[in-house]
Amino acid sequence: MDTISNKTGEGGVIMVALEDLLNWAERSSLWPITFGLACCAIEMMGAYASHYDLDRLGVIPRNSPRQADVMIVSGTVTFKMADSIRRLYDQMPEPRYVISMGSCANCGGPYWQHGYHVVKGVDRIIPVDVYVPGCPPRPEALIGGILKLQEKIKAKLTYS
């Protein structure tokens with residue numbers, strides 16, 4: 001309570017810079033669109049369930065890329081899917097972020113060596129901000145990736 005009273009004036013209003021307020025709002029309300037494939041998508045659904053409850057972190061899934069600011073790509077990405085992933089990414093408004101979840105999305109997974117149809121990492125299609133390792137990664141790992149993305153947004157300096 002002492003820290004809040006130090007920031008408020010006599011009127012009880014907290015004074016902050018507009019950039020700090022925008023940064024707080026951006027990192028506290030991440031709205032992802034999920035591109036879930038295979039077993040990583042099951043773990044992602046577990047992260048949204050009541051035991052982990054991503055809503056408490058401000059992470060609310062969206063159905064449209066035009067409403068989302070985070071794309072979570074999980075599972076094996078094939079060359080036929082690459083255009084769809086790029087199209088969804090291009091439809092997202094700025095600022096937009098990408099989380100690559102699981103070994104398959106990160107580097108092609110167990111299929112990278114002999115799979116002619118597998119993209120060797122989603123970062124060859126779209127820029128990736130956070131990589132979540134694992135095969136499949138546990139919901140705790142996805143939550144750790146979301147927290148890492150929030151730290152990355154917090155470290156962003158300006159809104160120009």
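The backbone N, Cα and C atoms fix where each Cβ goes, glycine too.
The annotation [4Fe-4S] cluster binding site is assigned in Swiss-Prot to Cys39, Cys40, Cys104, Cys135 on the grounds of sequence analysis.
Taking the features listed in Swiss-Prot, we show where each one sits on the structure.
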| residue | record | Cβ neighbours (10 Å) |
| --- | --- | --- |
| Cys39 | [4Fe-4S] cluster binding site | 16 |
| Cys40 | [4Fe-4S] cluster binding site | 27 |
| Cys104 | [4Fe-4S] cluster binding site | 28 |
| Cys135 | [4Fe-4S] cluster binding site | 12 |
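In the three-state DSSP scheme, Cys135 ([4Fe-4S] cluster binding site) is classed as coil. In the three-state DSSP assignment, the secondary structure recorded for Cys39 ([4Fe-4S] cluster binding site) is helix.
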